[in-house]
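Asker: Sharing a structure here in structure tokens format.
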Amino acid sequence: MHTMHIPSGDVLIPKPKLITEETDPLHIIKTRQKTHGRPVTIAGPMVRYSKLPFRQLCREYNVDIVYSPMILAREYVRNEHARISDLSTNNEDTPLIVQVGVNNVADLLKFVEMVAPYCDGIGINCGCPIKEQIREGIGCALIYNSDLLCSMVHAVKDKYGDKLRIETKIRIHEALDETVELCRKLCDAGVDWITIHGRTRRTRSSQPANLDAIKYIIENISDKNVPVIANGDCFKLSDLERITKYTGAHGVMAVRGLLSNPALFAGYTTCPWGCIEKFCYWALEFGGLPFQLAQHHLYCMLENMELKKSLLKKMMNLKNYISLIDWFNKTFEFKRYGEDGFGMGVEIPYKANSCVQRSASVVERQE
């Protein structure tokens, strides 16, 4: 597998990628319940972290659709370095939704033209609550500017039709009828599906997502026949059924839950060891992932597995991929790609000389 970086400079931009039933995110969203007996599962956009190696990992564990991190359109269309660093993909990275932060039609259309050959859909970020983004008219600012948001959706659908899917990921308003009105306008503008994060602009992630709000919105736009995905507080497989049955959503988008346990949609209650081996392999195989980002991914997964804190600290003190792999080899039965059992482990495979560490870890869990 080779990664594909988006071309830079004055080059001929290919036509949009050909959508098939197997890669069409809208078709998957509408039919997953019938074909797989479950709602659709989606790995949402994660700032810096939903890069190619992690997307590949999520796909291994029953994730149907995966998003890129948010990419700022104004930087991407004007800056060659942004195009090199912001998006890498390959032929197996599908269905892929590229999320964009944008505040005008011109930048959006140019951005879509550049990324459409490499993805299956575009997601407009209307949910980021960061003040700097809101000041730029990006993210959450767009749910208060429905005319601009709908004009951007309409412009993309007018140019590409069903050759490219477009989604909006929104937060809810304090007054839910405002969100209903926004969603109805988006449906009329041609949006293919809407993802609703069940929190307002000011709601902290520590507060529960408002599933009643998502349910209310879905009930009041049901005549539009546009699928809705619920986002917020999905941390285990049972949450998928619980959230969709309660709200009426077609599926669930998980973010924080997948960051710590990429296998949650496969029914694992904690991150299996196989995720560690696979992620390390893909991070090195694909290249381009800064070491500190890989380190953070591994920290989240190993913390979820309740690895001893002293070992987590040792890992976080490492400075490069070479020392990281050496540490894994010395501390665990760490399998490489091609070896029997690679990526199949569940429990942490401490080496025999690490039995003291293992015992200490068990005691620490009990405490």
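Every residue, even glycine, has its Cβ placed from backbone N, Cα and C.
Sharing the feature lines straight out of Swiss-Prot:
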ACT_SITE  C128  active site, proton donor
BINDING   P45, M46, V47, Q99, K169, H197, N231, G232, D233, V255, R256  FMN binding site
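Would you situate these features in the structure and describe their surroundings?
Answerer: According to its DSSP assignment, C128 (active site, proton donor) is coil.
Listed in sequence order, G44, P45, Q99, G123, I124, N125, C126, G127, I194, T195, H197, N231, M253 are the same-chain residues at least 6 apart in sequence whose CB falls under 8 Å from the CB of K169 (FMN binding site).
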Asker: Relative to the Cβ of R256 (FMN binding site), which residues of the same chain, six or more apart in sequence, are found under 8 Å away?
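Answerer: Set apart from R256 (FMN binding site) by at least 6 residues yet with Cβ under 8 Å, we have S205, F235.
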Asker: Which ones in the same chain are close to C128 (active site, proton donor), with CB under 8 Å and 6+ residues apart in sequence?
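Answerer: Result: M70, G101, I134, I138, G139, C140.
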Asker: Validating a neighbour-count step here. Other CB atoms within 10 A of the CB of V47 (FMN binding site): how many?
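Answerer: That number is 10.
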Asker: Name the secondary structure element type, per DSSP in three states, that contains R256 (FMN binding site).
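Answerer: For R256 (FMN binding site) - judged by DSSP and reduced to three states - the answer is helix.
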Asker: Name the residues of the same chain, 6+ apart in sequence, whose Cβ is under 8 Å from the Cβ of D233 (FMN binding site)?
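Answerer: Listed in sequence order, they are G198, P208, A209, D239, I243.
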Asker: Would you identify the secondary structure of P45 (FMN binding site) according to DSSP, in three states?
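Answerer: The residue in question, P45 (FMN binding site), is coil (DSSP, three-state).
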Asker: Grab the FMN binding residues from the record (P45, M46, V47, Q99, K169, H197, N231, G232, D233, V255, R256) and give me their largest CA-CA distance in Å.
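Answerer: Binding-site diameter by Cα atoms for FMN: 20 Å.
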